[in-house]
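A quick write-up on the structure given underneath.
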Amino acid sequence: NPYILATLLFGLGLGTTITFASSHWLLAWMGLEINTLAIIPLMAQHHHPRAVEATTKYFLTQATAAAMLLFASTTNAWLTGQWDIQQMSHPFPLTLITLALALKIGLAPMHTWLPEVLQGLDLTTGLVLSTWQKLAPFALLLQIQNVNPTILVTLGLASTLVGGWGGLNQTQLRKVLAYSSIAHLGWMILILQYSPSLTLLALLTYFVMTFSTFLVFKLNKSTSINALAISWTKAPILTSLTPLVLLSLGGLPPLTGFMPKWLILQELAKQDLAPLATLAALSALLSLYFYLRISYAMTLTMSPNNLTGTTPWRFSSPQLTLPLAIATTATISLL
């Protein structure tokens, strides 16, 4: 029903906006809750057992994270008498809130729900989950001052490594995208303390690239790597461009995805964190491997039953292809 859909999308926007606009922990928590409650019907809309399972998993993790957040902020108010987000001073609630927000966006080692949940959803809801749902927790993470840098660096490094290792043995595209999301979030968290503007830049470029990737897979109607082997007949132009999108997601120059990684490594080196930068760069190689594997499946494998007479690529819907064209162009050439 379009009215219900509109209401849910409005709720999604409202929750995020409330969190953006709030300087009081209670309001921020309320925004996160509205956000979660609005996306749950969207996730379960297909009434498929796997979708329902994914929705339940998502609901439980988000409820846990929100409860942790509320507990930490009330503890902070009790210890210091402050409800203001930017006035956090006590280390205990600070640590707890950082961990709660990490669970909310799916940073390692609290990441295990993300691939499972994303695998149960269709590509459109998956796209919302990978992009829009990360905004509100990130707004809070950016606002918290003087949190222990060790925690953030540990979370970030663990995420880049887990995102690299985890995606290696996956054949399902949505799981690969979930691990890629974990790795990218790790990069953003690494630099959060030293340069918040770089975190925002990385987040925005990640959004553009993920948008493009999800739309490509949606247009191909492919959910596994095997399905990509026959996508050449469905959309030839798209298939030749997709490897560039995927390599941009992996962070290869001269594509857009290289920019945040380059600047983050530079900033880490300026902060005398060369070993950390080295580890992060090496973990990016792991991610690059599975993007390369997807590109290989799309472009360098012959599709089996190749009936050129039935190519449906001329009749693609404009409401899908225009955003795809914009996102793909941005993903390839924004550097």
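Including glycine, each Cβ sits where the backbone N, Cα and C put it.
It should be emphasised that the depicted structure is a prediction, and the values quoted were computed from it without experimental measurement.
Range 150-169 is the one annotated as transmembrane segment, of 30-49, 150-169 (source: TrEMBL). When Cβ-Cβ distances under 8 Å to the transmembrane segment (229-253) are tallied for each of 59-79, 150-169, 176-194, 200-217, 273-292, the top count falls to 273-292. It is 150-169 that, among the stretches 59-79, 150-169, 176-194, 200-217, forms the most Cβ pairs under 8 Å with the transmembrane segment (273-292).
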